[in-house]
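Please read the structure below before turning to the comments.
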């Protein structure tokens, strides 16, 4: 009996492609179902996500360095009895300067990417990151050289944090775009975990030597070279090529990623959407006018503040309290080998993120985030209470049960974060904004993430030193506020198109009723809402004009026009449909190129 290939069945048997609005009967076009995954899209997702791995690896290694004997001897300070230590200011600056660099890199990377392209920008910033690592590795006893090296490396990490999701979003097929972008967060957790493993191995075999931290740090070059060199084998994103007039190149890239012929209807439709978007953007003002206009656009100020607030609360959940200072924290609990503890925490973070990718599409964003906030609140309340009231902080080995409890609830917390607030905030911020402003708005939300990352990394040693484990109560309160914010302000996006989510924000749908909201017919929407939709989502016009054109062609042959066709015309006019009508009713060859 012949056993069917499960991979082939999975790739072609899923009903998502066969029910897509982009497949069906369209005369003259290839309408075969889209493959779920191709080798090109899979390899692209894995390689480009290496940018997230670089960020995670650099974040994870610094926690171990602060406790390594040679690192302490070279860059720390000495007590009167000759023992070495890091002051709060020094450790805070060494850890937190990376975040300042990432904030600057994230803001600067966008205009450079528009100038030289996404592909070559990734190579440039990999080189900048490598320079920062060289500065750190060549330091002998000057702690500020390590600090400045982390600042320069941060430029590269921050730029990659914007470029990686951008490259994937502009290249990946729509039906797997969310999954591919989510691999960025997954690779961050993998980088943090692998850094903990290398820290443990290096300190065990090279304890007291410069190699204990230089080997782990030097491996960063390997990952930067893999990303910077590997991206040369991939094409520029179709969107960037199309903007530079390379229409054929953009089409060729899309057919390879989709795994279809160049006459496939999905490729044709996506190229038309790119063309319409470019035509709409050609009427924009200058850069300053666009930034000001973004804040004045319908419901955009609300969504910008919401996006930045969500990224802020992702940091205020307290996850980096463990990732940055985990090794130091657990030294105080009496754990003899805190490197092992950190390795366990980071392993849980990496492993459970896979489950988070499942949760986001099966239980929804709102329920998952609210449940995650409650879970993390409980964990931090117990963690802080045990650490302050039960643990003997002067001699932790006298209270072994308390030490074990701290480790357990730290693990429980990491599980809650990695399955909810870790990956889902990036998903929501990707869904939150209309197409016209998505890049700039996401840059602001990402900058908010890095700003709070810096503040927490710098001030945590001071706060923890002043109030010890009671610092956990601060994070517990922030988790409750974060859950309330999701309940009152975040609209459920599970199973919704980006256009539907935008419509819900424009129509003022109550977030707690959003999961049951039904998309109204166009005539039920006010003319003001239809106009807002067209202004902020120019790609809606090409979709609706295509539908309207098909209906009009059939009805005009019969000598009449249906109500649905009239609705399509109304929507098209609101979205600038006169230009589009000339495209679809005119010569096909003219409609497929750049607008004049």
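Numbers run from 1 along the shown chain.
Cβ from N, Cα, C; glycine included.
Note that the coordinates shown come from a computational prediction; the quantities given were computed from them, not determined experimentally.
The transmembrane segment annotation in TrEMBL covers 37-57, 93-113, 120-137, 143-167, 179-201, 213-235, 304-323, 343-360, 369-391, 403-429, 450-467, 473-491. Annotated domain 'Major facilitator superfamily (MFS) profile' per TrEMBL: 44-494, in sequence order.
Of the recorded ranges 93-113, 343-360, 473-491, the transmembrane segment (179-201) has the largest number of C-beta contacts under 8 angstroms with 343-360. Between the transmembrane segment (450-467) and the transmembrane segment (343-360), fewer than three CB pairs separated by 6 or more residues in sequence fall under 8 Å, so the two stretches do not touch. In the predicted structure, the domain 'Major facilitator superfamily (MFS) profile' (44-494) carries a mean pLDDT of 82.
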